[in-house]
Amino acid sequence: MPGYNSSPALVLLAAHCAVMLLLALAGATHGHPPSAAGSRLSSTFYDASCPSAYDVVRRVIQNARVTDPRIPASLIRLHFHDCFVQGCDASLLLDDDLPAIQTEKTVPANDNSARGFEVVDDIKCALEEACPGTVSCADILALAAEISVELAGGPRWRVLLGRRDSTTTNIESTENLPNFFDRLDVLQEKFRNVNLDNTDLVALQGAHTFGKVQCQFTMQNCTAGQPEGALENLDQVTPKRFDNKYYGNLLHGRAQLESDQVMLSDPAAAATTAPIVRRFAGSQKDFFRNFAASMIKMGNISPLTGNNGEIRKNCRWVNKGY
């Protein structure tokens, strides 16, 4: 295991901290780690131990958006791809530390696609200064997802907190990550595997209402002269807003991703997902309410709590050896 100061990534991370503190920690107070006795997630978990946690995360994301408008959509995707593999335990954030740990970042579903890790590093830096050893990387992802949606015009919800961080990754379980080209029955099976139903599937896919995708993954593929890797808006109508226009795109056959359009076009959709797509297309309020409920439900997938796992000092490495 490399020492804390031996990795170039960690050196860069340390350099970021001073800048991020000036931007994100004005008035932050120090706290003590929460008790390990409880096992339930709670929206008040850090009220005593790190009352500034939400504001710290929000400020770092607001600052990151200035130079990277894509970051809100990228951060919610990190939470999604973390929870679908081994539960919401920040295993996705671990870097290679072979032979003990093989990173999930380079599996097909994440390679050259999952992004925003540097912003998570900045959030962790700021929180370690405000409340050392208190806020887990798994909870950072959960908070960042809610804040990113809210900043883009979407719903708010009370984020349940108290997750701890894993000390392992699970490469085999990354096969459960939804794919851009999955059939409807495959998507439904992957969601059922983590106890999510058809309403959760349609609601959570609605996160594709903002953000971008590489053209080679779209239904149209890359157009003539467009290099592979060129970015396309997932929602061509309101690409930077979190709203229900995504579902209108599906109704008109204009989804960018095959795995989105199948929720309406697949023969089995008529009795399962299509009615939900139409509901959400007709009511943004209904979509927002269900999206928030599904995010809370997804955030409860196999969290580590109590004395299980750890609170990483750095989201890229387990604490052993520090």
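Every residue gets a Cβ built from N, Cα and C, even glycine.
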Residue among CYS50, CYS83, CYS88, CYS125 that, according to TrEMBL, closes a disulfide with CYS131 = CYS50
Would you mind checking which of CYS83, CYS125 shares a disulfide with CYS88 in TrEMBL?
-> CYS83
Candidates CYS17, CYS125, CYS137; TrEMBL says the disulfide mate of CYS315 is CYS137
According to TrEMBL, CYS222 takes part in a disulfide bond; indicate which of CYS125, CYS215 is its partner.
-> CYS215
Which residue, of the disulfide-bonded residues CYS88, CYS215, has its CB surrounded by the fewest other CB atoms within 10 A?
-> CYS215
For THR209 (Ca(2+) 2 binding site), the same-chain residues 6+ apart in sequence with C-beta under 8 angstroms from its C-beta are LEU234, ASP235, THR238, ARG241, PHE242, ASP243, ASN244, LYS245, TYR246
In sequence order, which residues at least six apart in the same chain have a CB under 8 Å from the CB of CYS315 (disulfide bond)?
-> ALA90, LEU93, LEU94, PHE117, VAL120, ASP121, LYS124, CYS137, ILE140, ASP165
Compute the C-alpha separation of ARG77 (site 'Transition state stabilizer') from PRO178 (substrate binding site), stating it in Å without decimals.
-> 11
Determine which residues of this chain, when THR209, ASP235, THR238, ASP243 are set aside, have a Cβ within 8 Å of the centroid of the Ca(2+) 2 site's Cβ atoms, and list them as they appear in the sequence.
-> PHE210, VAL237, PRO239, ARG241, PHE242, ASN244, LYS245, TYR246
Same-chain residues at least 6 apart in sequence whose Cβ lies under 8 Å from PRO178 (substrate binding site) | PHE84, ALA109, LEU187, LYS190, PHE191, SER259
Pick the one among the binding-site residues ASP235, ASP243 whose Cβ has the fewest other Cβ atoms within 10 Å in this structure.
-> ASP243
